[in-house]
Amino acid sequence: MTTLGTPLSPSATKVMLLGSGELGKEVLIALQRLGVETIAVDRYENAPGQQVAHHARTITMSDGEQLKALIEAERPDLVVPEIEAIATPMLEALEAAGVVRVIPTARAARLTMDREGIRRLAAETLGLPTSPYKFCDSLEELQAAIDGGIGYPCVVKPVMSSSGKGQSKIDGPADVKAAWDYAMAGGRVSHGRVIVEGFIDFDYEITLLTVRAVGANGEVETHFCEPIGHVQVAGDYVESWQPHPMHPKALETSQHIARAVTADLGGQGLFGVELFVKGEQVWFSEVSPRPHDTGMVTMITQWQNEFELHARAILGLPVSTALRAPGASAVIYGGVEAEGIVFDGVDEALRVPQTELRLFGKPESFTKRRMGVALAYAEDVDTARERAKEAAGKVKPRKA
């Protein structure tokens, strides 16, 4: 039996989120609806999640001592990493000492904080199908890896980055240095290490949201949402839709891969498993042990969206991944470099049938920073995609 307390009282169930962007904000809202006391942590003040949490804290989360001091001061029941750039060795030490429970586990947070840990787990430990790959610490190593078997075309990514930053495709020798420089500029921390992957000529890529939650018998069970299709530009998602049609064999293989990798990572919660698909063939790409940006579409397609599923699963509550209606999401970019922007056209956007908007409340806009998302549902995915893109296009961010 799960018992939940009352916020801001001695009985409170306290959850701390490390990372409070637009995804963290929705998790915090889902937790608050269940009467959980929330602590939103980020590296900058007034982050989206901090605007809705009971408590807002600003620290350098990659600094182990700062992280330890905050956790010991706040004494949360659960710590929920929402980004990669966190001092995971400290989380492992605190979890091992019984100070706090990390979602899904501190080991999972460490393995998924960069592309190397999770790729080696998937390909070398679990034997799951992936693209051919090498890890490189210099431009010379990158060139040697390409010449030694990876070949052209290939994809280069920093071992640690988010939202596609630093990711590029190399079509020939003339592109190698530019790709290395771009990866170095786009890495989340100063790491100087990249993964180079042989290019898979896939038909499409999906996100398979996978939930590990406690069932009625007290055992952890694995649940799958309907597959989410998405379009990425330079590694960053620009639209997604659910469900994405798949060959039954490919869906079965996708679920097998997702079950294997999430079972090894362990714990409870929602995972975003990214996969490449060609016909009946499936390759593992990446996994995030938390809600996924492409999964924002579930705010309009599912009875319980990905954020509610994550909140329920980490609290030991039952979950349902049932689909409510086909739907789509389309990103709204800042388009300007400014603080405290305003949005024109919100009324026009919401006149598009069966649409919703989420404006994230980020304090500062950049040209390609994700500032909101349009959501739409319809009788079919194609109509929903058209509506979402139309609504997103009517929202016009500008300087105040």
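Each Cβ is built from the backbone N, Cα and C atoms, and glycine gets one as well.
The N(1)-(5-phospho-beta-D-ribosyl)glycinamide binding site feature in Swiss-Prot is assigned to GLU22, LEU23, GLU82, ASP293, LYS362, ARG369, ARG370. ARG369 (N(1)-(5-phospho-beta-D-ribosyl)glycinamide binding site) falls outside any helix or strand according to DSSP and counts as coil. If you draw a 10 Å sphere around the CB of ARG369 (N(1)-(5-phospho-beta-D-ribosyl)glycinamide binding site), it holds 16 other CB atoms from the protein chains shown.
Long-range Cβ contacts of GLU205 (ATP binding site) within its own chain (separation 6+, distance under 8 Å): GLY229, HIS230, GLN232, GLU274, LEU275, PHE276, VAL277, SER285. A strand conformation is recorded for GLU205 (ATP binding site) in the three-state DSSP classification. As annotated by Swiss-Prot, ATP binding site applies to ARG115, LYS157, SER162, SER163, GLY164, LYS165, GLY166, GLN167, GLU197, GLY198, PHE199, ILE200, GLU205.
Residues annotated as domain 'ATP-grasp' in Swiss-Prot, with sequence analysis given as evidence: 120-315.
Residue environment of GLU274 (Mg(2+) binding site) contains 20 other Cβ atoms, counted within 10 Å of its Cβ in all protein chains. Mapped onto three states, the DSSP output places GLU274 (Mg(2+) binding site) in strand. Per Swiss-Prot, the feature Mg(2+) binding site maps to GLU274, GLU286; the stated evidence is sequence analysis.
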Restricting the comparison to the binding-site residues GLY166, GLU197, GLU286, which residue's C-alpha is spatially nearest the C-alpha of ARG370 (N(1)-(5-phospho-beta-D-ribosyl)glycinamide binding site)?
GLY166
Could you say whether, by DSSP, ARG115 (ATP binding site) belongs to a helix, a strand or a coil region?
helix
Give the helix, strand or coil assignment DSSP yields for PHE199 (ATP binding site).
coil
What's the CA-CA gap between ARG115 (ATP binding site) and GLU286 (Mg(2+) binding site) in angstrom, rounded?
8
Give the sequence-ordered list of residues that share a chain with GLU22 (N(1)-(5-phospho-beta-D-ribosyl)glycinamide binding site), lie 6 or more positions from it, and have CB atoms under 8 Å from its CB.
PRO48, MET296, ARG358, PHE360, LYS362, ARG370, VAL373
